[in-house]
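Here the structure is laid out as structure tokens; the discussion comes afterwards.
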Amino acid sequence: MKLLDGKYVSEKVKVQIAEEAADFLSTTGRKPHLVAILVGNDGGSETYVASKMKNCEKVGFKSSLHRYDNSVTEAELLAKIEEINQDDDVDGLIVQLPLPKHIDPEKVTETIDYRKDVDGFHPVNLGRMMRNLPCFIPATPYGILLMLQEYNIDTTGMHCVVVGRSNIVGSPMSILMARNANPGNCTVTLTHSRTKDLKEQILQADIVIAAIGKKNFVTADMVKPGAIIIDVGINRETSTETKSGFKLYGDVDFDNVAPISSYITPVPGGVGLMTIVGLLKNTLASARKEIYK
Ligand code: NDP
């Protein structure tokens, strides 16, 4: 078993990003700029946004955070997004999910200018991804591709089973793994809560990508020996053992699955760190106008 070490890979890629951000600053006189909008005070969202902001500073980006109470109206939020869309000093705009029930996430996603949509959730970016055209790839799937690349894992011809079909992870991941590219060139099975015989499906996989949101859901008896395991899940539980007061678990029963896998991502220290790298790379590409002029 070999660990796919998100800490090592993310630090390495961030060094490159920092160099490129410094070049960008010296040629343009400005830093790549990421703006985040956070509504409410969900513990997980607070942590993710703080980490994104901190990482921006670390690689020499500018970052700004706009915070709103849960009581913010949809109209107020959409107006703010429109305003940021017009701001030439902003390269990337993300709105942290989930949003309160009275705000339609689809409207929010579609209001963000697709040229600043560094989370890659806008239908224009998803459509272009589907057609293998230059676009912002959703940050988590992008981070997973970078991880596979870093370890020179050739996925050509593999059977990839993705568990979970969300718009932000499972569905785009299934498209990317089936693309004519490497990583990619897989035969992909996209599974979800209505899949019959899920265990039999996962047992067929050369590569399993678990994005379910259920602690230790994928157990050793579901995994073919030698499979590659990518664990996207972040399940937070309160804990008295840690300083932060909570502990993170993946969707995969790491202790029992790791010994029979060929490669596996840990939680924490795996995909989560690579997601931030995906976001930073998209923001830099946006600043340099590499994808959209
Ligand atoms: P969603 O809740 O949007 O989607 C979960 C998916 O899992 C759904 O498609 C659902 O099926 C499927 N599912 C749920 N229960 C089962 C089951 N018993 N059997 C099979 N499939 C099931 O989650 P996300 O995709 O947003 O996130 C998934 C996990 O990844 C979460 O733990 C989240 O915190 C984490 N995450 C981690 C990131 C990172 O950077 N590492 C980034 C984003 C998310 P159905 O569609 O039928 O309901």
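Any Cβ shown, glycine's included, is placed from N, Cα and C.
What TrEMBL records for this protein:
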type: DOMAIN; residues: 4-119; note: domain 'Tetrahydrofolate dehydrogenase/cyclohydrolase catalytic'
type: DOMAIN; residues: 138-289; note: domain 'Tetrahydrofolate dehydrogenase/cyclohydrolase NAD(P)-binding'
type: BINDING; residues: GLY164, ARG165, SER166, ILE234; note: NADP(+) binding site
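The Cβ of SER166 (NADP(+) binding site) has 16 other Cβ atoms within 10 Å, all protein chains considered. A 10 Å cutoff on Cβ-Cβ distances gives GLY164 (NADP(+) binding site) a total of 24 other Cβ atoms nearby, all chains included. Neighbours of ILE234 (NADP(+) binding site), defined as other CB atoms within 10 A of its CB across all chains, total 21. The average pLDDT computed over the domain 'Tetrahydrofolate dehydrogenase/cyclohydrolase NAD(P)-binding' (138-289) stands at 97.
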